[in-house]
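Engineer: Just dropping this structure here.
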Amino acid sequence: MGYKPLPVRQLAIICACRFAEPICFTVIFPFVIFMIRDFNIADETHVGYYVGLITSAFAVAQLMTGILWGMLSDRIGRRPVILLGLLGTLTSIILFGLSRSFAWAIISRSLCGVLNGNIGVLKSMVSEITLENAPDQRARAFSLLPLMYGLGSIVGPVLGGLLSHPVKNYPTLFGRGGPLTDFLTAFPYFLPCFISGCICAVGLIFGFFYLEETLGGTCSLSKSKNRTETAPLLQSDSDEDYNTFDRSSSPTPTITDHTKKHDDDKKPSLRESLTPAVLAICLSYALFAFQAIYYDELFPIWTASEQSNGGLGYRSDEIGIALAYCGVVTLVVQLFVLPAMTKRFGLLRLYRFVLCGCVFLYFFQGFIRYLYGVPDIHGHTGTKTWVWVGLILAVTFKTLFHTTAFTSCTILTNNCAPRLDALGAINGFAQCCASGMRAFGPASCGIIWSASLGATWIPYPIRVHVSWICLAVVGSLTFYTSTRLHPQDYDLAKFIPAEDEVEEQPENEEQLNHRA
């Protein structure tokens, strides 16, 4: 079967919709701790607790609604669900900027998670419009989603850091008095939220006018002009071991074959969609999501802590440089490295390799602090020269491994879907699994870090590495789950089309001879 070129126009619109959301998600990170201080609800030692609650509120809310949005997209279509999600994100971020109390902030942040299940639905759309593309092309298409998240997660914190407290920071623009000055003084965090909402509104407008529906009639398999070319993708005699649902022995699916198994217009239930292959990859995805959010929470704590506590003693600007470098590496990996590696090694093998690499990275990263004892080019010890070298190498491999693992896991999840009209529910379920871990990960990281440093009964050389050792254990468990994934379930996307996508066609002479 000849592969088609990637649908660049639709992928661009999907990217526009995806780009807006991480901006709204990350814009609060630079100023949320100052917002909590302004609420005057806790002393300095407990501020981090309330910051964690706001950070986790989004993930907890998304955990409760992710599957519902995915199943709804299987019924009413991907496009309306995505537009509703963008509208919900726009509304919630504006409300968050108007927060004057902790309760208002936590409710508006939770509202963002409740009203937005777009990432799972967007994954379904990318899967549906790339079914007839080569595996490396699909990898390139799926890599655009985390690429947009990487870009958005760079823009969001910049907006939040530069535009909060505009009256104090930019008095020549916003400190001239009048209603605008009074408003921005009363709501010092509204401006970055408003700008983020405007970017989200641009994505909503592009989606409303240009985003095409991929479920049902416009799906690439449902309306293909060359149905006979897609028949081998749907079924062939050599693909029987790949099947999750039973199929007819007929080489070309017909309305008769499918009605023997399903009623007309019947959507698969969630239980039917969650096959063993789907559950296995979702478990692996959830464990990896936990270790990723654990790492992201641990990294700033570790780099900012004193050397006596196992950290690097970095300043906030130095930490920012390291995180900005991660964004650059993400772009390079998504655009150039990942498609080439996928084409050469295959998704599942690549996924296992990077998970194995993560285990060694986590275990040895805590030892970077010992590079303070290595003399620099001038023969001086205690400088950051070699520490920077070690840190840059660590975050380079971390970004390479995490970016590759997330993208591979997304494609593998879509590849093992038993039916096209189950993609929304499956991606929604996978997102719920990840959201549950992301709600639990930050709290567990903080608890382990604090408890391990206070456990004086543990020898000091081990005590300062407990957080990294725990992360390596989780990484080992994640790698083990990947070894239980069977290649025949994930290497190729082989779907049974939805009931309303199967068209009764006159049999040609070759098909009649086959039946005879």
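Cβ from N, Cα, C; glycine included.
Note: TrEMBL annotation is automatic and uncurated.
Found this in TrEMBL, in case it helps:
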type: COMPBIAS; residues: 257-269; note: compositional bias 'Basic and acidic residues'
type: DOMAIN; residues: 10-484; note: domain 'Major facilitator superfamily (MFS) profile'
type: REGION; residues: 230-269; note: region 'Disordered'
type: TRANSMEM; residues: 12-36; note: transmembrane segment
type: TRANSMEM; residues: 48-69; note: transmembrane segment
type: TRANSMEM; residues: 81-98; note: transmembrane segment
type: TRANSMEM; residues: 104-126; note: transmembrane segment
type: TRANSMEM; residues: 147-167; note: transmembrane segment
type: TRANSMEM; residues: 187-211; note: transmembrane segment
type: TRANSMEM; residues: 274-295; note: transmembrane segment
type: TRANSMEM; residues: 319-338; note: transmembrane segment
type: TRANSMEM; residues: 350-373; note: transmembrane segment
type: TRANSMEM; residues: 385-401; note: transmembrane segment
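Looking at the shown structure, what environment does each listed feature sit in?
Structural biologist: Within its own chain, the transmembrane segment (48-69) has Cβ neighbours under 8 Å at 25, 28, 32-33, 36, 39, 41-42, 81, 85, 102, 105-106, 109-118, 120-121, 270, 424-425, 428-429, 431-432, 435-436, 438-439, 442-443, 446, counting only residues six or more beyond its boundaries.
Only residues 6 or more beyond the boundaries of the transmembrane segment (147-167), in the same chain, are considered here, and those with a CB under 8 A from a CB of the stretch are 15, 18-31, 34, 173-175, 181, 184-185, 188-189, 191-192, 195-196, 199, 324, 327, 330-331, 334-335, 403.
Non-local neighbours of the transmembrane segment (274-295) in the same chain are 244, 355, 358, 362, 398, 402, 405-406, 409, 412-413, 416-418, 426, 429-430, 433-434, 436-438, 440-442, 444-445, 471, 474-475, 477-478, 481-482, 484-486, 489-490; each lies 6+ residues outside the stretch with a CB under 8 Å from one of its CB atoms.
Distant neighbours of the transmembrane segment (319-338): 139-140, 143-144, 146-147, 150-151, 153-154, 299-300, 303-304, 391-392, 395-396, 398-400, 403-404, 407; these residues of the same chain sit at least 6 beyond its ends, with a Cβ under 8 Å from one of its Cβ atoms.
Taking Cβ pairs closer than 8 Å, the transmembrane segment (350-373) reaches residues 288, 291, 295, 302, 307, 310-312, 341-342, 381-384, 386-387, 389-391, 394, 397-398, 400-402, 404-405, 408-409, 412, 464-465, 467-469, 471-472, 475-476, 478-479, 482-483 in its own chain, all 6 or more past its ends.
Same-chain neighbours of the transmembrane segment (385-401): 295, 303, 312, 322, 325-326, 329-330, 333, 337, 354-355, 357-358, 361, 365, 368-369, 371-372, 374, 376-377, counting only residues six or more beyond its ends whose CB sits under 8 Å from a CB of the stretch.
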Engineer: State the mean pLDDT for the domain 'Major facilitator superfamily (MFS) profile' (10-484).
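Structural biologist: Mean pLDDT for the domain 'Major facilitator superfamily (MFS) profile' (10-484): 81.
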Engineer: If we skip the immediate neighbours and take only residues 6+ beyond the ends of the transmembrane segment (187-211), which ones have a Cβ under 8 Å from one of its Cβ atoms?
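Structural biologist: Apart from its flanks, the transmembrane segment (187-211) reaches 9-10, 13-14, 16-21, 23-24, 27-28, 31, 35, 38, 79, 82-83, 86-87, 89-90, 93-94, 96-100, 155-156, 159-160, 162-168.
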